[in-house]
Amino acid sequence: MAKLHLLILSLLLLSTFAPPSHGANPTTQPPNTIPECLKATGGPCHSKTKSLKLKLVAIAAILVASMMGVTLPMLSRAIPALQPDKKLFVLVKAFASGVILATGYMHVLPDSFDCLTSKCLPENPWRKFPFTTFIAMLSAVLTLMVDSYAMSWYKKYGPRNENLDPKISGHFHGDGFSGIDSPTSQLRRYRVVAQVLELGIVVHSVVIGLSMGASDNLCTIRPLVAALCFHQFFEGMGLGGCILQAEYERKMKAMMVFFFSVTTPFGIALGIGLSNVYRENSPAALMVVGILDAVSAGLLNYMALVDLLAADFMGKKLQEDMKLQAVSYVAVFLGAGGMSVMAIWA
């Protein structure tokens, strides 16, 4: 898992150094490429000195919010109400799942549309074909493949009872769906879900941080700081709940918490370091960020709907308690609605 995260971060870092296509055939570029896409922006909202101070504050604030969100579900031993078999945990997870769902649909997917249909890219092929939805669709299917093959691998080659059975007696009660009935199978499932979900979060978190770090627009950064703190806190709660249910060893838990907490601050720091050479409206940046956003959107939407919401709402606990199911739907709408409102500013 750690090697996969490092590989993704390395690819993102290398992609930011891709030079803009100055040598491209001018006839393939839109007429307004040079005035609108290659000149630096200015105006009262732009200040490198003031924006740097804001970005340093954002790094600290987002790091704290991320750590608080992802570690809160893991305090279940100290707070009995947050244990996975309690109703409060179900409601918190439903709310956080709504946040993750809205992140994919209301934040990441529109950003990909903006990038891949930008006037700074050649009309052919970028505005002739809906690349965003096509890539998101492929990403969702590929996520299903990873989900499926990972479960098959765990069943055939994964750890046996010595690592799984001693931990499952107190937390799992046959709440899975799609034929996953045994506690051991559920635990394997939770572990796959936690890792695949973190993969999607890491990708879009670095992209968001990179865009923010490279920008010097105060009017954009100010509301973005608060929005990202809210986003990271509740998205962290959703991931933290999955990590808790996966019953990982302490080292693995610490590693997943670390990667989630530092990816957005890392992206901001990377953007600050590259602010003199990185232009968010250059063709290379638009293609890289747009494609990564589309991949992340498909993954997050699949994970939120299939592995989080459907698994819980079709499971035994909610199916046998209609009142809890109704309140959980309210929590989902509150989480998704709150994150959707954040789209006004970020």
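Glycine is no exception: its Cβ is also placed from the backbone N, Cα and C atoms.
Features as listed in TrEMBL:
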SIGNAL    1-23  signal peptide
TRANSMEM  56-76  transmembrane segment
TRANSMEM  88-109  transmembrane segment
TRANSMEM  129-150  transmembrane segment
TRANSMEM  192-212  transmembrane segment
TRANSMEM  224-244  transmembrane segment
TRANSMEM  256-278  transmembrane segment
TRANSMEM  284-305  transmembrane segment
TRANSMEM  326-345  transmembrane segment
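Of the two recorded stretches, the transmembrane segment (56-76) lies close to the transmembrane segment (224-244), with three or more CB pairs under 8 Å once pairs fewer than 6 apart in sequence are set aside. Highest Cβ pair count under 8 Å relative to the transmembrane segment (256-278), across stretches 129-150, 192-212, 284-305: 192-212. The transmembrane segment (326-345) makes contact with the transmembrane segment (88-109), as judged by at least three Cβ pairs under 8 Å among residues 6 or more apart in sequence.
When Cβ-Cβ distances under 8 Å to the transmembrane segment (88-109) are tallied for each of 129-150, 192-212, 224-244, the top count falls to 224-244. Residues 1, 4-5, 8-9, 12, 16, 55, 58, 100, 103, 108, 143, 146-147, 150-151, 154, 221, 224, 228, 232, 235, 238-239, 242-243, 245-246, 248, 256, 259-260, 263-271, 274, 278, 280, 289, 292-293, 295-297, 299-300, 303, 307-308, 311 of the same chain, all 6+ positions outside the transmembrane segment (192-212), place their C-beta atoms under 8 angstroms from a C-beta of that stretch.
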